[in-house]
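Swiss-Prot lists 581-586 with the feature motif 'Endoplasmic reticulum export signal', giving similarity to another entry as the kind of evidence. Swiss-Prot lists 1-19 with the feature signal peptide, giving sequence analysis as the kind of evidence. Swiss-Prot lists 20-229, 387-397, 474-485, 543-553 with the feature topological domain 'Lumenal'. The topological domain 'Cytoplasmic' annotation in Swiss-Prot covers 251-302, 347-365, 419-452, 507-521, 575-592. The feature transmembrane segment is assigned by Swiss-Prot to 230-250, 303-323, 326-346, 366-386, 398-418, 453-473, 486-506, 522-542, 554-574, with sequence analysis given as support.
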Amino acid sequence: MRLPTTLLLFIGALIFSGAGTVRSDASDHRYKDGDSVPLYANKVGPFHNPSETYRYFDLPFCIPEGVKDKKEALGEVLNGDRLVSAPYKLNFRDEKDSEVYCKKKLSREEVEHFRRAVEKDYYFQMYYDDLPIWGFIGKVDKESKSDPSEFKYFLYKHIQFEILYNKDRVIEINARMDPHSLVDLTEDKEVDAEFMYTVKWKETETSFEKRMDKYAMSSSLPHHLEIHWFSIINSCVTVLLLTGFLATILMRVLKNDFMKYAQDEEAADDQEETGWKYIHGDVFRFPKNKSLFAASLGSGTQLFTLTIFIFMLSLVGVFYPYNRGALFTALVVIYALTSGIAGYTASSFYCQLEGKNWVRNLLLTGGLFCGPLFLTFCFLNTVAIAYSATAALPFGTIIVIVLIWTLVTSPLLVLGGIAGKNSKAEFQAPVRTTKYPREIPPLPWYRSAVPQMAMAGFLPFSAIYIELYYIFASVWGHRIYTIYSILFIVFIILLIVTAFITVALTYFQLAAEDHEWWWRSFLCGGSTGLFIYAYCLYYYYARSDMSGFMQTSFFFGYMACICYGFFLMLGTVGFRAALLFVRHIYRSIKCE
């Protein structure tokens, strides 16, 4: 237990040290009257397309003198954050009333640029003393008109800041756009714009330590919690009923099988065996494509370990709201540090299956998940570059990730592979395998791989689909998700149901005298990932307002990688459960 605990503390310390948080220049967040408080403009973009964001000054706002880019951590860059010094001066407890910071004549091209942005519901994001600020840049006045050509477009030119403070610390900031101070963008003509801002300070009793609670509470409101707990209870009841029903049948059938086989042993020796005992000489025959199978188990085990560590960090409060860069940092760091687990698992299991080319197996393990992810990233990063979006990673960040993969991930993968190869573990089979495989009898269509995968994936998916909406709304929207304890319960339910349904289907497969259960159990366990991807289609077209080539490609591209990861992880869980079950039942009977 000491190694996982030490690793968790190391990762947490690394993330807390600044790898993913938006840190101000004032490290202690204490200010005197008139002190400059850091204010950074982050990004702008269509409200319904969270991946399609641009630099704040890509819109033709007034660019002040001495604009500086903030040095960002890895997680911030991966999150698409591009912070620059903002044009507003919000010094501590310094009130301002309609102060003009810029007068500008907008050209026809700039008016058209702003109008397109307003039409797409562009919003902006800033950070003031690490606190997030949002607002829309303009509004569309439709006035009950159905013809879009008659709509009027306006740009907000007056932003009103209300800042709450407690003694020498900033506690909260709100930004409101003045609905009466507008610039008409409807016509393609030059327009004079006078941008201004107002600052009001108010004292509050809220402590500095609780200033982020406001953002976490939005997902913990009573009616939201009721929905989450209702979904949990509904999932638990459904799962208990279905798994209980299957367990009862399976236990009864197994009991009858054991009694039948015990009686057969006392009967005549020439009596023909039937059912799963009949194939005892083939059930532990190693699967085809041993190297790919072992690599899949190695990658799935690594992703399972990664998920557990992410849950541990979330439950101790590392991923608080608007510290989303920390999640990306944690994913990169933990994936790199756990690559040795993939190497060890794949190599040791491959050697147990009497594989000879362990180097090839190790290369396959290293590229099985990273390969598709890298190809997807290359395509999507090219799209982001074409759009000049902040999602396009800078060359320096790509070099950092390549160095992490080269100097950390790959060496640990090789070390784990060498350790697995030298473990000298033998595959534990309770019965001997015959020299020649038995022929599998003809089976009905519903016992083939695809129908079995459909049945195996539906039950686990039904246990998590309600919670999926909130996760999607957080990852691909602006909803805040902080109820990690509920999400962890859902994850445990998912694992239990996946393991159980895979065991049940494996038994029915063996009972039909089909001994090729290795790959089938893995595919059945991982099929929930396919259901999640099908849900992506439903969510995109029915529950979201995302649009455009970039957002569509980002959504389906990265969700394909995530669902593929779930496929490998849950496939590993399903196979491990099935292997324990098969070993148990064949250890419980006497086979010649």
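Using the three backbone atoms N, Cα and C, a Cβ is placed for every residue, glycine included.
Packing against the transmembrane segment (554-574) from elsewhere in the chain are residues 51-52, 296-297, 299-301, 303-304, 307, 368-369, 372-373, 376, 379-380, 383-384, 391, 456, 460, 476, 494-495, 498-499, 502, 521-530, 532-533, 536, 540, 546: each is 6 or more residues past its ends and has a CB under 8 Å from a CB in it. Against the transmembrane segment (303-323), the recorded stretches 230-250, 366-386, 398-418, 453-473, 486-506 differ in Cβ pairs under 8 Å, and the greatest number is found for 486-506. Touching of the transmembrane segment (230-250) and the transmembrane segment (366-386) is ruled out by the presence of fewer than three CB pairs under 8 A, sequence neighbours closer than 6 excluded. When each of 366-386, 453-473, 486-506 is scored by its Cβ pairs under 8 Å to the transmembrane segment (398-418), the top-ranked stretch turns out to be 366-386. The helix, strand and coil residue counts that DSSP assigns across the topological domain 'Cytoplasmic' (575-592) are 13 helix, 0 strand, 5 coil.
The average per-residue pLDDT of the prediction over the topological domain 'Cytoplasmic' (507-521) is 91, rounded to a whole number. Residues in the topological domain 'Cytoplasmic' (507-521) partition by DSSP class (helix H, G, I; strand E, B; coil) as 9 helix, 0 strand, 6 coil. Per DSSP, the secondary structure of the topological domain 'Cytoplasmic' (419-452) breaks down as 10 helix, 0 strand, 24 coil. Across the topological domain 'Cytoplasmic' (347-365), the DSSP tally of helix, strand and coil residues reads 14 helix, 0 strand, 5 coil. Counting only same-chain residues 6+ beyond the ends of the topological domain 'Cytoplasmic' (347-365), those with a CB under 8 A from a CB of the stretch are 286-287, 290-295, 297-299, 413-414, 416-421, 423-427.
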